[in-house]
Amino acid sequence: MDTKTFKRTLQHSENYNRKGFGHQAEVATQLQSEYQSSLIQEIRDRNYTLQRGDVTIRLAQAFGFCWGVERAVAMAYETRKHFPTERIWITNEIIHNPSVNQRMQEMQVGFIPVEAGNKDFSVVGNNDVVILPAFGASVQEMQLLSEKGCKIVDTTCPWVSKVWNTVEKHKKGDHTSIIHGKYKHEETIATSSFAGKYLIVLNLKEAQYVADYILHGGNREEFLQKFAKACSAGFDPDRDLERVGIANQTTMLKGETEQIGKLFEHTMLQKYGPVELNQHFQSFNTICDATQERQDAMLELVQENLDLMIVIGGFNSSNTTQLQQISQERGLPSYHIDVVERIKSINSIEHRQLNGELVTTENWLPAGKIVVGVTSGASTPDKVVEDVIEKIFALKATAAVF
């Protein structure tokens, strides 16, 4: 399929909207009431520091809702206001945050049901409205919805669309897109659908395996088994790695994406030489500014003298996981939670580990005076961050009384 032509045709359709419906001011007031926080603004105004009793909170200087997330959530609210009685669906979670997705359900925005791992779009009628989330949707899903004739509201983050444009350039130049990402992640699924030939690598270790194969060859069957769920149909490592281009899931670690890009540039330079490098390697900057800012702020925060770190965000939020990884690599006691209810007591907190396991840690909050670092993922409302900070203040205040 010519995905570029399809996209252009869809965007000119009368059933397609990606600019909103003119209710921005009204919706902005509602979003401020539901998601923003006067406490968080106070901490910002105090140089990202607030001390109360035995607790000093140090907030990362970039955290929480990014512009793309704010835009997606606002467009979803606008859609309900513009279509007060129509059935509205969304193809995935609007963003990776449980409280926001719960709010979508309260607004009668339905999630496309999933049967045996596949979405059942038969529930969508031609008079319905379907929202595409901030991560985007695959070409196949968009085509199916277009054929149904339903109204499509596209909240895809422009940074994600930029990556789609990049893999289309790879395809035009007959380059295989090497995508740094998680093959199960909605964004990477969408991105790969715009690519021609593609291979998804999770980390630098997998990228090194591919680079070694390019330079020295290897066991083809082992390669295909290793990337069975992470490559395009009919992928042949002996044929499809002669010309490569780099792209990424926008929420991955910036530094690792850069390392992977440099690795493949060096690999193709070594194999084909400087004269032919540009024929065999393409790279465009697709690192999201918001992701980069939050990771840079986290790297700065963990240099401080902190007693522990709280990372707040959905458990399926990739960018939040990367923030947690930065903290753990620093050796800090660090707890990734999605909602304030994960804090059970001063002695007990339920949190997600990097491997995805949900565990409970006892005696997590030290006695006496403490400095707590706090950050949140790009899909986390300030109100959720406020709830967590207030809970920590309250627990320590109660402990001080006794």
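Using N, Cα and C of the backbone, Cβ positions are placed for all residues, glycine too.
Binding of (2E)-4-hydroxy-3-methylbut-2-enyl diphosphate is attributed by Swiss-Prot to His96, Thr250, Ser317, Ser318, Asn319, Ser379, and the same site annotation extends, among His23, His170, His180, His185, to His185.
Sequence-ordered, the extra residues of this chain that approach the dimethylallyl diphosphate site, with Cβ no more than 8 Å from the Cβ center of His96, His185, Ser317, Ser318, Asn319, Ser379, are Ile95, Thr251, Gly313, Gly314, Asn316, Thr320, Thr321, Gly377, Ala378. The binding residues for dimethylallyl diphosphate are recorded as His96, His185, Ser317, Ser318, Asn319, Ser379; their greatest pairwise CA distance is 15 Å. Reduced to three states, the DSSP call for Thr250 ((2E)-4-hydroxy-3-methylbut-2-enyl diphosphate binding site) is coil. Straight-line distance linking the Cα atoms of Cys66 ([4Fe-4S] cluster binding site) and Ser379 ((2E)-4-hydroxy-3-methylbut-2-enyl diphosphate binding site), rounded to a whole number, equals 7 Å. Separating the Cα atoms of Cys157 ([4Fe-4S] cluster binding site) and Thr250 ((2E)-4-hydroxy-3-methylbut-2-enyl diphosphate binding site) is a whole-number distance of 10 Å.
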